[in-house]
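What follows is a short report on a single structure.
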Amino acid sequence: MAPLLLCLLFLFMFPLGNNAQGPPSPGYYPSSRVGSVGFNQGFRNLWGSQHQRLDQGGLTIWLDRTSGSGFKSLNSYSSGYFGAAIKLQPGYTAGVITSLYLSNTEEHPGNHDEIDIEFLGTTEGKPYVLQTNVYVRGSGDGNIIGREMKFHLWFDPTKDFHNYAILWNPSEIIYFVDDVPIRRYARKSDATFPLRPMYVYGSIWDASSWATENGKYKADYNHQPFVGKYNNFKIGGCRAGAASCRPASASPSGGPGLSRQQLAALAWVQSHYKVYDYCRDSQRDHRQTPEC
């Protein structure tokens, strides 16, 4: 659905002047359809094992001047719903990325796909930025084409755990925060959509060169360790190579797209909390992003 139609739908259902503390109810909760798994049931350490701790099903990873840490799912998937509850560190976290994402970079180095949720660290008194991104056959070789959409949140993500998720199926990618859809990326062509199997990853690492206000503020290790906490892991996906598996759906109908109520919640978030959209960046070469 076009952005203008989304906004009109939002205004019809939720007139301005009644801006609640949080988004309107999406009416449907995809996370309730997927059971939680313990970390060891679905994941393993990938790097920085000395900066990773399990406690009663919860995972803590941290970054200091010696190392960060990352983890990876035991299996790869061709589609599915993938999520976790995450709590971020307060205070000065500039330059630090805490993430949950899908990727096949190890299988396709220099030519990989990726679907990202990345929390961009910040300075005192400024909110975190939640960056969503989609790479299609891209890499860090200078030819990468990012499809970034960035948001602030309607709550403080350092105060408590909140659920963040990616739903990826053959027709669309939908990002959720506490079951509220914040972004839908539709498959408009095979060339602009990731179709190869991916693993699920999480990590905390130093991205000082770009993470906070385009690299203006760097990681300051006087504030170390930088900590990310995860629990309530959810993996509801079709394993790569499975002979028969029904892809996950975001909507109560079980089909593609979102319900009218979900679209209204999506429009509310995009109207009030979206802070960057690659399709609306006049500095970008949109010949490389024909889906815009």
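Using N, Cα and C of the backbone, Cβ positions are placed for all residues, glycine too.
Annotated in TrEMBL:
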{"type": "SIGNAL", "residues": "1-20", "note": "signal peptide"}
{"type": "DOMAIN", "residues": "18-230", "note": "domain 'GH16'"}
{"type": "ACT_SITE", "residues": "E114", "note": "active site, nucleophile"}
{"type": "ACT_SITE", "residues": "E118", "note": "active site, proton donor"}
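For the domain 'GH16' (18-230), the model gives a mean pLDDT of 94. Taking the Cβ of E114 (active site, nucleophile) as centre and 10 Å as the limit, one finds 21 other Cβ atoms among all the protein chains shown.
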